[in-house]
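Pulled from TrEMBL, these are the features on record:
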ACT_SITE  D63  active site, proton acceptor
BINDING   D63, G64, N137, D138, R148, R165, D167, T178, A179, Y180, S181, L182, S183, Q237  NAD(+) binding site
Amino acid sequence: MRTALLLYNPQKRQACTIQERLHQQLEMNGFQVCSFQSDDSQTILQTISEISAIEVAFVLGGDGTLLSVARMLAPANIPILGINVGHLGFLTESDPDGIEEAVRRIRDREYDLEARMMLSAAVLREEKMVQELLALNDAGVAKGSYGRMVTIHTYVDGVYVDTIRGDGMIVSTPTGSTAYSLSCGGPIVTPHLEVFLLTPICPHTLFSRPCVMDSQQEILLEVEASHSDFELTVDGQVSVRLHSGDCVRIRKAVCSTTLIKWRDREFFTVLRKKLREPHSHLDRKDD
């Protein structure tokens, strides 16, 4: 029997309601279903270790839910299908009204698998690694609520690149290029590329601009500040407090996230629909 994970965000009332319907649809189509709240990482990881042939993970939530699940499932290489019950839903592939069709497509294997590059961010303190985090979207080194700027010295493969003073620096994957980096003036990168984007956050200079680096290169951010209110945050969700003099080392992660994609959905079409201005002239072309 084919096995599916069903992970839902318990903080979203609609997700809790829909998961019962989705569970029933999957069983009706011949799947064994393991259903959990998306934040129950201990039980989810234990289930993954005990069941070796999980075909797909259905994730009910928004982009934030999918990001947290992606970091959890990536080492096991389980394909993820996101069903949006959040706000933007840029990473998700279906919506609550399309559950029956989504299950049918999975049953009949009418989809493509898309590998998304991830990054690892290691905090180095006095040349010792104190913590390492995995990210699908981005790793950001930034000041907290304190008003003073931070200074970040950037090195690529050991070669000095630039020093910026400002609110911080984002290192993002192509998947993360449409997230925080975009809001800070970074470019949009198609997800099949394997590159890093370095995007300064409110730099106090005329000359600091976003850069694109090969994913095989190692990026080192050395942080300097006269205060202690700054941190490393991955995917906007998990944070580590930094000390002045700490370094954050960014590398391409060993694992990647596998997303299930419908064959009739194209990246730039989704991009335009999700990120355009409301009531633009494109509405008429898409309707």
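Just so you know, glycine gets a Cβ as well, placed from its N, Cα and C.
Positions of TrEMBL features highlighted on the structure.
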| residue | record | Cβ contacts under 8 Å, 6 or more apart |
| --- | --- | --- |
| D63 | active site, proton acceptor | G82, G86, L88, G89, F90, L91, T92 |
| N137 | NAD(+) binding site | L67, S172, T173, T175, G176, A179, Y180, V234, D235, G236 |
| R148 | NAD(+) binding site | A225, S226, H227, D229 |
| D167 | NAD(+) binding site | A142, K143, M149, V150, I201, C202 |
| S181 | NAD(+) binding site | D138, I170, S172, L197, T199, P210 |
| S183 | NAD(+) binding site | none |
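Take the CB of A179 (NAD(+) binding site) and look out to 10 A: across all protein chains shown you find 24 other CB atoms.
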